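All remarks here apply to the structure that follows.
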Amino acid sequence: MSSYENHQALDGLTLGKSTDYRDNYDVSLLQGVPRSLNRDPLGLTADNLPFHGADIWTLYELSWLNSQGLPQVAVGHVELDYTSVNLIESKSFKLYLNSFNQTRFDTWETVRQTLERDLRACAQGNVSVRLHRLDELEGQPVAHFHGTCIDDQDISIDNYQFTTDYLQHAVSGEKQVEETLVSHLLKSNCLITHQPDWGSIQIQYRGRKIDREKLLRYLVSFRHHNEFHEQCVERIFNDILRFCQPETLSVYARYTRRGGLDINPWRSNTDFVPATGRLARQ
């Protein structure tokens, strides 16, 4: 259980509550969650963040009416900057997008600008939005995370409670290595509903070699952990940086979609360009 799971800032969220679906534009449906909720317990404040990054959202169920009432469909790509005051709560995002369904917009650009304006206001930070026509995305292959997968290890695990203990003494030797490690076994749970969130994670670092068994045990320990996607990625970044002390570190997770949305947060303290192709489970 997260230390802030019952924080009053979460009381007003529609997440975990019965809600009515609206199909006419309603910006009031969007809800933000302060990033400080999980950053404060980690000792992170806006002026001392050890990383940069973004939350990348893919919007698969986006539709509206053109000026003549003809339905339009698109796939949206949203990038929410890590410096924003709030992250966007995903159920509220879904409800907000549903409110476009029977709303007329003159142009695609009007839709894009509306999304960008509303998301920036909710997040209190920088947000960029792109809309793709379906034929732009046809024929795109399923992507894969570059790196060495650490999942196929002959180990026994019987503890699924979150702990950083596995990262203690997880580095060895004085030689500096540079490697990219991948796991598809990341599973955490929604902070409010405790529904499972499934993801793949890519960890790229330069520093003393990290023990792969200990790293995998640490990642598996998220299995009963309740936090939002973005919060898990920041926790993983902070824990690896704290215990393993790499010179450079990038952490990037791509989660399976829910409600027509997938969330793909990344955090890095070096030059890092996230690949945005959807993975096999997305």
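Numbering starts at 1 and runs along the chain as it is shown here.
Keep in mind that glycine also has a Cβ here, set from the backbone N, Cα and C atoms.
Listed in Swiss-Prot:
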| type | residues | note |
| --- | --- | --- |
| ACT_SITE | Cys190 | active site, thioimide intermediate |
| ACT_SITE | Asp197 | active site, proton donor |
| BINDING | Ile88, Glu89, Ser90, His229, Glu230 | substrate binding site |
| BINDING | Ser90, Lys91, Arg258, Gly259 | NADPH binding site |
Which recorded positions sit within 10 Å of Gly259 (NADPH binding site) - Cα, from Ile88, Glu89, Cys190, Asp197, His229, Glu230: none
Any further residue of that chain within 8 Å (Cβ to the Cβ centroid of Ser90, Lys91, Arg258, Gly259) of the recorded NADPH site: Phe93, Lys94, Gly260, Leu261
Cβ-based neighbourhood (8 Å from the centroid) of the substrate site, residues Ile88, Glu89, Ser90, His229, Glu230 excluded: Val33, Asp55, Leu87, Phe93, Phe228, Ile263
Site extent for substrate (largest Cα pair distance over Ile88, Glu89, Ser90, His229, Glu230, Å): 11
Residue among binding-site residues Ile88, Glu89, Lys91, His229, Glu230 with Cα closest to the Cα of Cys190 (active site, thioimide intermediate): His229
Nearest of the recorded positions (Lys91, Asp197, Arg258) to Glu230 (substrate binding site), judged by Cα-Cα distance: Asp197
Site diameter for NADPH, Å, by largest Cα distance between Ser90, Lys91, Arg258, Gly259: 9
Alpha-carbon spacing, Ser90 (substrate binding site) to Asp197 (active site, proton donor), which is rounded to whole Å: 12
Least buried by Cβ count (within 10 Å) of the recorded positions Ile88, Cys190: Cys190
DSSP state at Ser90 (substrate binding site), helix/strand/coil: helix
Cα distance (Å, whole number) from Asp197 (active site, proton donor) to Ile88 (substrate binding site): 16
Least surrounded among the binding-site residues, given as Lys91, His229, Arg258, when other CB atoms within 10 Å are counted: Arg258
Candidate recorded positions Glu89, Asp197, His229, pick with smallest Cα gap to Arg258 (NADPH binding site): Asp197
